[in-house]
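Data first, discussion second: the structure below is written as structure tokens.
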Amino acid sequence: MCLPSHLLSTWVLFMAAQSLGKTWLPNHCRSPIKAVCNFVCDCGDCSDETQCGFHGASTIPSTSFTCNFEQDSCGWQDISTSGYRWLRDRAGAVLHGPGPHSDHTHGTDLGWYMAVGTHSGKEPSTATLRSPVMREAAPTCELRLWYHIASRDVAELRLDLTHGVETLTLWQTSGPWGPGWQELAVNTGRIQGDFKVTFSATRNATHRGAVALDDVEFRDCGLPIPQARCPLGHHHCQNKACVEPHQLCDGEDNCGDRSDEDPLICSHHMATDFETGLGPWNQLEGWTRNHSAGSMVSPAWPHRDHSRNSAYGFFLISVAKPGTTAVLYSPEFQGSVSNNCSFTFYYYLHGSEASHFQLFLQAQGLNTPQVPVLLRSRHGELGTAWVRDRVDIQSAHPFRILLAGETGPGGVVGLDDLIMSSHCMLVPAMSTLQSSLSGPVPLALYPQTSIKLPQQTCEPGHLSCGDLCVPPEQLCDFQKHCAEGEDEHKCGTTDFESASAGGWEDISVGKLQWQWVEAQEKSKPAGDANRDAPGHFLSLQKAWGQLRSEARALTPALGPSGPHCELHMAYYFQSHPQGFLALVVVENGFRELLWQAPGGGSGSWTEEKIILGARRRPFQLEFVSLVDLDGPGQQGAGVDNVTLRDCNPMVTTESDQELSCNFERDSCSWHTGHLTDAHWHRIKSHGSQLDHTTGQGFFMFLDPTDPPARGQGALLLTRPQVPVVPKECLSFWYRLYGPQIGTLCLAMRREREEDILLWSRSGTHGNRWHQAWVTLHHQPEASTKYQLLFEGLRNGYHGTMALDDIAVRPGPCWAPKSCSFEDSDCGFSPGGWGLWTHQSNASGLASWGPWIDHTTGTAQGHYMVVDTSPNVLPKGHVAALTSEEHQPLSQPACLTFWYHMSVPNPGTLRVHVEESTRRQELSISAHGRSAWRLGSVNVQAEQAWKVVFEAVAAGVEYSYMALDDISLQDGPCPQPGSCDFETGLCGWSHLPWPSLGGYSWDWSSGATPSRYPQPSVDHTLGTEAGHFAFFETSVLGPGGQAAWLRSEPLPATTVSCLRFWYYMGFPEHFYKGELRVLLSSARGQLAVWYQGGHLRDQWLQVQIELSNSEEFQIVFEATLGGQPALGPIAIDDVQYLAGQQCKQPSPSQGEVAAPVSVPVAVGGALLFFMFLVLMGLGGWHWLQKQHCPGQRSTDAAASGFANILFNADHVTLPESITSNPQSPPDLA
């Protein structure tokens, strides 16, 4: 075997490394093995940090090392021992599967992630994903990732870290699981030497076990690199690294060689790590010293201590009962005004929002201890990390430090590594002061203010105001229950002139925090939002935490809120591109991004309005920011003048009852829902997005790829409405446009009832507005309120949805112009024997019916079916299905429908049009070989009319008839297989195939603005007003994805002519879309014509003669043969001339292809012959390679089917060669 010269050296190195028993990595600069995968780029191209569970892409310090699984698995390996295993997978592989339909990186189905699929085994099993060996994690190292779990699919998730002989559990949970992608952030702590990370999912017999993992990020994990000189004031470590002065003697190995914690440097510090006891500290009650090895008392307990980062390390934990306080107190220290005494400590708050940690300073008065002064207060859920903090103390009197912890239900408060700096001088043991302070007085004896509070008469958690006791659920509910509104005082609305800050509380755990500050003239911003220099605002400030985490400020629990609820505020923001300022809502433990400051900010105060809408209680608002305060320029962030307006849910306006809306003034009664991070937006017409009302006005718009949307869909719903009449007609205009757009649904919601699906459409409906209408059936009780909701589902990611001109009128609607039976029976009523049934094969009542519907091609799709077996419908008897009334027609129309008749002859399907009289338009008796067939009827009706389908039974056992996808289109019915696309796609179907990516051909005209490139004129009319079918190939990803446009089933033919015009436009030759013509039958698919195109701004004609001995469909396949680029493929004026040979047309506009004769018989012999030909070509190519040429000829034609068999548009097929491209099974 010969190897190319450029691969030979790589192969030799690999074999040499294997022979020496060493790990071989693509390390271009040959770093020592200890410097590989250590979160530091030693090579100029960072190649020493690839396949490490992440990819090193930048040599910039503090850059995160990430893996988004788009190119490979980054070295992560499945080490599962059962069939329940991890693999790298792509989003949307299964349309209705349990996994995510989009990845987290891109939010589309083109993205990749690691996934463990469903497992049908009855035994419990665990799928384990393990990282490669990593080395030397810094104390600041943070691992972040996103995971996705279908509801109740997994029993447990856990994240472990193994180093040496110990395995640390970094995170573990058994739910509850939230919707969509959820973020996990854990701190690894300082890890010396080698370590691995494992992510595992455990399922049992009651769980399917579908889990996905994406966007793994290692943040700030690298140790500082050696430097010849350190910045002024920094400490130079023994290994030549530099650390900041406050990192000395702080209980963490910041240098990487522990020289910053050298006992010689830290000998004057008083450090207590609880490994051998409490040291000089004492407790009144409630604290106990413990470790995490073995079984833990509570799931919220720390899995490791801070000092040793080990489960065997000791810490203090609060064991006080909920409602009581555990108190730890220090020895007495001497007072000093000249020197700061610094106290560094690490605390742990996890498991309960009600847990509380406080730090008090208690100074000694002349004779007795003074009232303790609160210096730090933290409460709530701060995660599983040990949080560092520090206080600097200046006291003229001797003092003690008191640490108080109060645990909420299921919560834990922990302490570790209490460090007093060298300037904290102990009071001599036998001093007079020491003897006078026999011990601290319990905290409960000291009120925190000098005002004597009245005796509390309300229960804990209740607010006392006058004679009222306001319960917790009525606090911050946007309704005043107290006379002075005290129950709404600390609920987010504030100008920050009061120290209470309107209830906003900092919950940061890292190097940044939110603080209530006074504006200074010499700093930025120079004043608050009111331009007052002494004014106050909420400002982003430095903190003593060790992690590079976002700063967070949170309100108390709020709600419920009404649909008009808005937050008005002023903000200041200036940052480099990586910084941000955002507003988040926290609801049921999950976070939704509401707003983010644009770009790098303006550096001045800016007013902003954010719609919050109707939300259930409890929810909280949170300001989140990450800014490099040490970076160049005056970077920073601030918030002021926060006002929550119109949030009372009881407040109504006239517009709340306005269902009819053209969205020109506002959104009337319609408002956005908040179940996911995808949202409808009211926008003004611009570019290719034009409203329906005027073409220049407003409408509701949804872009499924609008960042940062990752949720399943977006809701647009009304306020609760009171019915006016028993039946109302709701009409609206909608647009579903794009090569891979999702589903738009309309539903009705009543209290304590399941939502009622009224209408739905999926996939592209062309680049235009369509009108739809639905009859609303109200309950007899007039007091029963209802809501209407439109939901745009993100099961497609290329295209847009839009709504406009919603109108409601009394009385029922006309019959719909199209019906897929997916949401309802569309008003069709069974007559006669009443045997027609609305069902799907998966959940049907009829004994017999099609395996799949026509709309979705799945067993879950719906249709109408009648069982014509003699025991149900005797021979000669009729089962009728009658539509509602259609409005009169101003011009002839074509009624199309798809029917399915069993192979045992079920009888006859008759179609009648009932105007003033009933007239039969069509009669079908052929069974159609158990496949969906297209039927069509020309309709002319000057009055209101109905369509009636009649099933006449033949008395045959196990027989049935079914109907699906009934549609009424303007203009006469076209011939089978033919279409000029002026009124639509005729009988051609663009149903997306999930196995091909779920893409669809679209329908448009040159005059209609489009976000995708398209021909400027059609071929039929040669003008911008003409229409055509087209597909934009740039949305396709790699891996054989394609879009199909399929004809209706066509009968067997000895000779027929297919004639069509096509258009292809690509900027360069290597940007190549491909157009194929396939013939599909029960035996597979056969490619009969192919063209790969580049820029040709003209329409070209092709003729193909076809013959086939069995029924078939014509398929136009658009796919990608090169690099993705904007470029359309379009077709127009398709003619199928049954029983006719192709004739050479006279030259006309554009080029003309020569006719091609293609006898089609997709038999086993031909497929086998094709296999032999391909094997022969492959063998010839292999033999050629054995000569090992040094370089190919630069002017040789590229090998491939295109240049061999096709020349421009003149097609020459070898007489007996066929191809069988991989594709879904029989399309019939």
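Glycine is treated like the rest: Cβ placed from N, Cα and C.
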Disulphide bridge to Cys249 as given by Swiss-Prot, partner from Cys221, Cys230, Cys237, Cys266:
Cys266
Candidates are Cys424, Cys476, Cys482, Cys491. Which one does Swiss-Prot pair with Cys465 through a disulfide bond?
Cys482
Which of Cys230, Cys255 is the other half of the disulfide bond that Swiss-Prot records for Cys242?
Cys230
Quick test of reading the record: Swiss-Prot lists a disulfide for Cys469. Which of Cys458, Cys491 is on the other end?
Cys458
Tally of helix, strand and coil residues over the domain 'LDL-receptor class A 1' (28-49) according to DSSP?
6 helix, 0 strand, 16 coil
Disulfide-bonded residues near Cys469 (disulfide bond) (Cα-Cα within 10 Å), from Cys237, Cys242, Cys482:
Cys482
By a 10 A CB contact count over all chains shown, which of the disulfide-bonded residues listed here is most packed: Cys266, Cys491?
Cys491
Under DSSP, is Cys266 (disulfide bond) helix, strand or coil?
helix
Return the single residue from the disulfide-bonded residues list (Cys458, Cys465, Cys482) that has the minimum number of other CB atoms within 10 Å.
Cys458
Going by Cα-Cα distance, pick out whichever of the disulfide-bonded residues Cys255, Cys458, Cys465, Cys482, Cys491 is nearest to Cys249 (disulfide bond).
Cys255
Near Cys230 (disulfide bond), which residues of its own chain have a C-beta under 8 A away, given they sit six or more steps off in sequence?
His236, Cys242
Over the span of the domain 'LDL-receptor class A 1' (28-49), how high is the average pLDDT in this prediction?
80
Top Cα neighbour of Cys482 (disulfide bond) in the set of disulfide-bonded residues Cys237, Cys458, Cys476, Cys491:
Cys476
Sequence gap of 6 or more, Cβ distance under 8 Å: name the residues on the same chain that satisfy this around Cys476 (disulfide bond), in order along the sequence.
Asp487, Glu488, Lys490, Cys491, Gly492, Gly503, Thr555, Pro556, Ala557, Leu558, Gly559
Among the disulfide-bonded residues Cys249, Cys255, Cys469, whose Cβ has the fewest other Cβ atoms within 10 Å?
Cys469
Restricting the comparison to the disulfide-bonded residues Cys237, Cys255, Cys266, Cys465, which residue's C-alpha is spatially nearest the C-alpha of Cys458 (disulfide bond)?
Cys465
Are there any residues in the same chain, six or more apart in sequence, whose C-beta is under 8 angstroms from the C-beta of Cys237 (disulfide bond), and if so which?
Pro224, Val243, Cys255, Gly256, Asp257, Ser259, Asp260
